[in-house]
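Chemist: Quick one: this structure, given as structure tokens, is what I'll be asking you about.
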Protein chains: 2
Amino acid sequence: MPHILSTTDADFEERFTALLSMKREDSPDVDDVVAGIIADVCARGDAALIELTSRFDRLDLTPDTLAFSAAEIDRNCALVTPQEREALETAAERIRAYHVRQMPEDVSWTDPEGATLGWRWTPVSAAGLYVPGGIASYPSSMLMNAIPAKVAGVPQLAVCVPTPDGQVNPLVLMAARIAGVDRIYRLGGAQAIAALAYGTQTIPPVDKITGPGNAFVAAAKRRVFGKVGIDMIAGPSEILVIADRDNDPDWIALDLLSQAEHDESAQSILITTDAAFGQAVAQAVEARLETLDRREVAGASWAGNGAVITVRDLDEAAELSNRIAPEHLELCVADPEGLARSCIHAGAIFLGQWTPEAIGDYVGGPNHVLPTARSARFSSGLSVMDFLKRTTMARMTPQALTAIGPAAETLATSESLGAHGLSVRARREKLNAQGTNTG
Amino acid sequence: MPHILSTTDADFEERFTALLSMKREDSPDVDDVVAGIIADVCARGDAALIELTSRFDRLDLTPDTLAFSAAEIDRNCALVTPQEREALETAAERIRAYHVRQMPEDVSWTDPEGATLGWRWTPVSAAGLYVPGGIASYPSSMLMNAIPAKVAGVPQLAVCVPTPDGQVNPLVLMAARIAGVDRIYRLGGAQAIAALAYGTQTIPPVDKITGPGNAFVAAAKRRVFGKVGIDMIAGPSEILVIADRDNDPDWIALDLLSQAEHDESAQSILITTDAAFGQAVAQAVEARLETLDRREVAGASWAGNGAVITVRDLDEAAELSNRIAPEHLELCVADPEGLARSCIHAGAIFLGQWTPEAIGDYVGGPNHVLPTARSARFSSGLSVMDFLKRTTMARMTPQALTAIGPAAETLATSESLGAHGLSVRARREKLNAQGTNTG
């Protein structure tokens, strides 16, 4: 049974707060193990990678076979059906078209004092993506991580994917090829992150690491942060659907289940203005759970973390939504754009009943790597910006320095930073001696 | 004596690599102490803040005096000289004018399949700035942190500044008022960060914390990251000046010293195409060190971490600059814009001999909070973006769902995510039953 709440209940505030602060995931403390693995890779390079991969993935590699060869990638791509290949290409094309629009422009202007100011964007020189193996080996995640990097113009893009017992998902390799990945290594876990961050004899270090992973990968990313950039550390997935009664309960049930089936710690919440509709959705969820392939996972998530909340009106719905700050927010109401204006904290918004969240996981265009665990209050999903950095630019003229230099000198003096002031003053004195039109 | 290197030296590569990997700062391990302080503030709120402030800052507060009153701020602002006030206002105006241009626009478009796509920017609801007390209490840092937040539209902006023995820098309060800060708390250290992240009876929690601080503040920011957003953890400051012989050695010496005087762990590097000019700058540094107020700090930084590197040409200079990825990069050459195009990793670039780095610390306009310790390879200085987050938006139509839905279903099947596929399929079946022009 999911949590059933109504804002008219006397204990609503208490139960809603409890729902918000519910801890859905136990992260095992693997930090010591991870620290040891990173130190080992730093010290021994390829030899450590080969030994760790033999131990954890039961796979014997050499420096020459750490990366997939072009022929191996060819062989795997040949296993992908034309229908799957076409679906990947459709997804890639739409993701690329969306992310191309995110490319920011360089800006430069001259202000009234004569100073030329602006900034410039440049890509990181090399990025590394982590793609999990096993059951959560998602070709869609490969596209969602690799395409923004390539759109940003990252010249070197490497991927690490674990291949336990030598097994790999051919669609992941196909997706990497479509996205334009340069190199794919058969590496997983903390050792993969260490190799990307520090480099080895065979693997060049990168400047930025993105992509999801298990507790070992997450701990390793935290540890190498600072040496390289990382994306967010994602928690379990979440969806909030706000729906009025004019919806098919079965559609909404499937949208809730499409989050729940990811993971037992996933969370699906329905907020509705109509208690009877809420009940109908809950019944539709139970009906669908009878036949769903991943019914055990989805059922455990729904029973443990799911919720149906009845509200008086959509204003209340927006207020609760902002407290939840959901990763995915689906608005199945008559005026979804209007409601979206009041929902100020969300990773991604899906507008109207024809926009199931699953479209956004694959082919919508926007990125599916999104802030979880209420972090949409202060952070954003993955974008081309994650693979770019901004350099600010300033050029003074003698006139500009004459105009604004004295203020800098005053502030430098007030902060007791003498050389700061003198570096401006020495130049101004030269100008004063010459007249200010020099230069 | 600074490090003297030339790319023509046989051992150059070895010595340059050593210079790059030099550890300039020993961070004391205060993590356990900080964890205890955060837990105490979470458990006891105001009472913990009052007790910790009494212990560390020798200042007795009550819940009513945790924040400065408007009258106290008035009294302090009256102590600021008109010249200082005007300098702060000039700086604030220029910083605001620069950061206003950073405001990104919301974007929305309809694609050929009929899907409406885009994204929207919204500010965080509340931000907290940390401003150090004591010798490093810089009003300029208050402006550089607070103005981007206000330009981003953050409705609630709080500041924590420690006031040991009740002492506060009036210019810091004046800068806060000019920047539009809403509330200023007399709090420092890890307890200030804990109060901002978790809130207390008196202090509302914020969503984002920025600003520099000592080892305790840095450790606390790392610990609350995830609960709230944080800016970077800044290391000691650095400057790289690339200068040809057509410069006044004294100006370049002052630019190097204006970094060195910040901190003994600061680093100032000169790269020049002319060995004799490099010597002249080193001599000018020694001459200026004789009279500089902060000669002990600046001298220790220059002797320990400073470097003069002679290169064959500007191509070599750019190559070394990219390996250093400096926080501040000053280009004092005939064509600074041309050289800037080759210098792809830098926090901020200062173009030409009339642009001393100190201008950028105060009144240039660009932010002075910049990536240190080679992190300009993958990160950017503080900007309005740090106080905004992006929500992606998507709206499908029946036509769009018909066009791209099948690809989503194929990929969902390939990832064994049944409910994902069904959520699309159920809608498409309805459309098929009705003909695709419905909706």
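From the backbone N, Cα and C atoms, a Cβ is placed for every residue, glycine too.
Got these off TrEMBL a minute ago, pasting:
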type     : residues                                                             : note
ACT_SITE : A:GLU327                                                             : active site, proton acceptor
ACT_SITE : A:HIS328                                                             : active site, proton acceptor
BINDING  : A:TYR130, A:GLN191, A:ASN214                                         : NAD(+) binding site
BINDING  : A:SER237, A:GLN259, A:HIS262, A:HIS328, A:ASP361, A:GLU415, A:HIS420 : substrate binding site
BINDING  : A:GLN259, A:HIS262, A:ASP361, A:HIS420                               : Zn(2+) binding site
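Help me see these features in their spatial surroundings.
Modeler: Classification of A:GLU327 (active site, proton acceptor) by DSSP places it in coil, neither helical nor stranded.
Sequence-distant neighbours of A:HIS328 (active site, proton acceptor): residues of the same chain at least 6 apart with a C-beta under 8 Å from its C-beta are A:SER237, A:GLU238, A:ILE239, A:LEU240, A:GLN259, A:ALA346, A:GLY347, A:ALA348, A:PHE350, A:GLU357, A:GLY360, A:LEU370.
Secondary structure from DSSP puts A:GLN191 (NAD(+) binding site) in a helix. Of all Cβ atoms in the shown protein chains, 29 besides its own fall within 10 Å of the Cβ of A:GLN191 (NAD(+) binding site).
Classification of A:GLN259 (substrate binding site) by DSSP places it within a helix.
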Chemist: Fewest neighbouring Cβ atoms within 10 Å: which of the binding-site residues A:ASN214, A:SER237, A:GLN259?
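Modeler: Among the binding-site residues A:ASN214, A:SER237, A:GLN259, the sparsest Cβ neighbourhood within 10 Å belongs to A:ASN214.
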Chemist: Looking only at Cβ atoms, how many others are within 10 Å of the one on A:HIS420 (substrate binding site)?
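Modeler: The answer is 30.
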Chemist: Give me the Cα-Cα distance between A:GLU415 (substrate binding site) and A:GLU327 (active site, proton acceptor), rounded to a whole Å.
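Modeler: A:GLU327 (active site, proton acceptor) has its Cα 44 Å from the Cα of A:GLU415 (substrate binding site).
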Chemist: Binding-site residues A:GLN191, A:SER237, A:ASP361, A:GLU415, A:HIS420: which sit with Cβ under 8 Å of a chain B Cβ?
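Modeler: Only A:ASP361, A:GLU415, A:HIS420 pass the 8 Å Cβ test.
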Chemist: In whole Å, how far is A:ASN214 (NAD(+) binding site) from A:ASP361 (substrate binding site) when you measure between their Cα atoms?
Modeler: 20
Chemist: With substrate as the bound species and A:SER237, A:GLN259, A:HIS262, A:HIS328, A:ASP361, A:GLU415, A:HIS420 as its recorded binding residues, calculate the greatest Cα-Cα distance and give it in Å as a whole number.
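Modeler: Overall maximum Cα spacing for these binding residues reaches 56 Å.
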Chemist: Cα of A:HIS262 (substrate binding site) to Cα of A:GLU327 (active site, proton acceptor): how many Å, rounded?
Modeler: 14
Chemist: What same-chain residues, at least 6 away in sequence, bring their CB to under 8 Å of the CB of A:GLU327 (active site, proton acceptor)?
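Modeler: Those within reach of A:GLU327 (active site, proton acceptor), by Cβ under 8 Å and sequence separation of 6 or more, are A:SER237, A:GLU238, A:ILE239, A:ALA346, A:GLY347, A:ALA348, A:LEU370, A:PRO371, A:THR372, A:ALA376.
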Chemist: Could you measure between A:HIS420 (substrate binding site) and A:TYR130 (NAD(+) binding site) for me? Cα positions, answer in whole angstrom.
Modeler: 44
Chemist: Here are the binding-site residues: A:ASP361, A:GLU415. Which has the lowest count of other Cβ atoms within 10 Å?
Modeler: A:GLU415
